[in-house]
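To start, the structure itself, in structure tokens.
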Amino acid sequence: MSQLKKGAALNYMTIFLTNVVGLFITPFILNHLGKAEYGVYTAIGALVGTISVLDLGLNNTIVRFVAKYRAENDRKSEENFLATTMLIYAVISVVIVIIGISFYGYIDTYFTKMNTEEIRIAKTIFILLIFNLAIGLPGGSFTGICYGYEMFVFPKTVNIIRYILRTIVVIGVLLWGGKAIALVIIDTVFNIIFLSVEFYYVFYKLKVKFKLHELKLKYIKEIFGYSLWIFVFALVSILQWKAGHWILGRIATPEVLTIYGIGIVLGTYYGAFSTAISSVFLPRATKMTVDNASGEELTSMMIKIGRISFIILMYIFGAFLLFGYQFVYLWVGKELGSDGSFEVWLIALLIMMAYTLPLIQGFGNSILEAKNKLSFKAVLYLTFLITGAGFGAFLAKTYGALGMICGTVTGWFIVQNVMNFYYHKVIGLNIFRFFRELSYKSLLTVFAIIVISYFINYIPGNGWLNFIFKASCYSIFYILGMYHLGLIEFEKKLFKDSLSPVFKKINE
């Protein structure tokens, strides 16, 4: 198996581990830290995570340029490029430390709803995370170098090992009475250890050299010219997932931050399933673009992928709509109570509603990337997510975490409507046909299944076994109903082909 195929397999394993382990460890951490300290932990993490945007997209730039110079067998330019990026990273690390020192003195005046002990914890966590970021951003270049050398297996394997070991150590430390500061110390130690491992691999196994032959302003402009839109999309990601934390941190208690943070976590898990599907199709989009595929041909591929994503996402959305509150209450209700669990459920549900259309149109993003047309989307997202964050901040003063997420998703909805117009008028996709064929058979089937499955909630009981039984009934009903009423022939064949190796193995 090639490095690329192994890397892809390890990537899916990472997604699976992150989501499944995250579901188990989140209530465990919340239980041991408590509602307030968990809120402090997530708020400071999000704040420092925002500063990580200073990476400026350099990691992706490293992958591109290292691969380019290797293809050209230009060792000197590779050495010079890597030395230049290290100088840029050194400046970035100094800026991060300066920002950290500057903001440290304002933590107690910014987080006005935290008490004295919570401020002490916040300041300690902040210092440790700033240190982590200052060494972590330059250290991330080692992963970029590995990818540029098409060595995908080592960094991805290291990442999986790190995640598993961290989970084990976190559980152990919490059982021994550790708190939020202990968790950040664990991350700091792991950061240093695994950066050292990647450093050794890059310098002693790949024999990479950093040597500044010449420093040219034109060269630096070329680096930032490529990384500009990557940086803008990093800002977009920050606004999507972290802006609410530091806005609420200013006006709300740590308990509200906990509710918001857990709702966001569930929302991101929803997206991971579909992203794993759509990311596979970027090479197909690139090939079709290079081959000058027509708008109708690209639309046909987008419909195929969109329908598969839609069917999978609607299964998850329907289950969460019907049984999500029960799940959240069983999952974190001991710490958050019924009202807090209800808010988490609503926040996650709103994210899922707003996130569904961008996810089922993931192939559209691949087309934009292949056509080098991402700039419009980047500016559009940045504009309306800033607007959404501002609207969320206004609503949060009255409605807390729910107000914040309502403002945020409003920005998402506006962006997606504009993007569909852009796909249709500029890219040449037939969006009317996309929605017509996307909804053919599947939409009414989903609606009917959810309406009928509502009565599953009348099965008496509230525990985990009751939840599993309800979810199992829904799953069987969804699979059978969708197969017989919602799938077209191509999808039925795809479903059968996916299951046939399993049945062959069983019959051996």
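Glycine too: its Cβ is placed from the backbone N, Cα and C atoms.
Owing to the predicted nature of the structure, the values given are computational and were not obtained by experimental measurement.
Taken from TrEMBL, the feature transmembrane segment applies to 12-32, 38-59, 80-105, 125-148, 160-177, 223-239, 259-282, 310-332, 344-364, 402-423, 443-461, 467-488 (among others).
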Same-chain residue ranges lying at least 6 outside the transmembrane segment (12-32) that approach it to Cβ under 8 Å: 38, 156, 159-160, 163-164, 167, 170-171, 174-175, 178-179, 183, 258, 262, 265, 269, 272, 276, 331-332, 334-336
Best-contacting stretch, by C-beta pairs under 8 Å, relative to the transmembrane segment (402-423) and drawn from 125-148, 310-332, 344-364, 467-488: 344-364
Contact check, the transmembrane segment (223-239) vs the transmembrane segment (38-59), 3+ Cβ pairs under 8 Å, seq sep 6+: yes
Recorded stretch that, among 125-148, 160-177, 310-332, 443-461, has the most CB pairs under 8 Å to the transmembrane segment (344-364): 310-332
Criterion met for the transmembrane segment (310-332) and the transmembrane segment (443-461) (at least three Cβ pairs under 8 Å): yes
Of 38-59, 125-148, 467-488, whichever stretch has the most CB pairs under 8 A to the transmembrane segment (443-461): 467-488
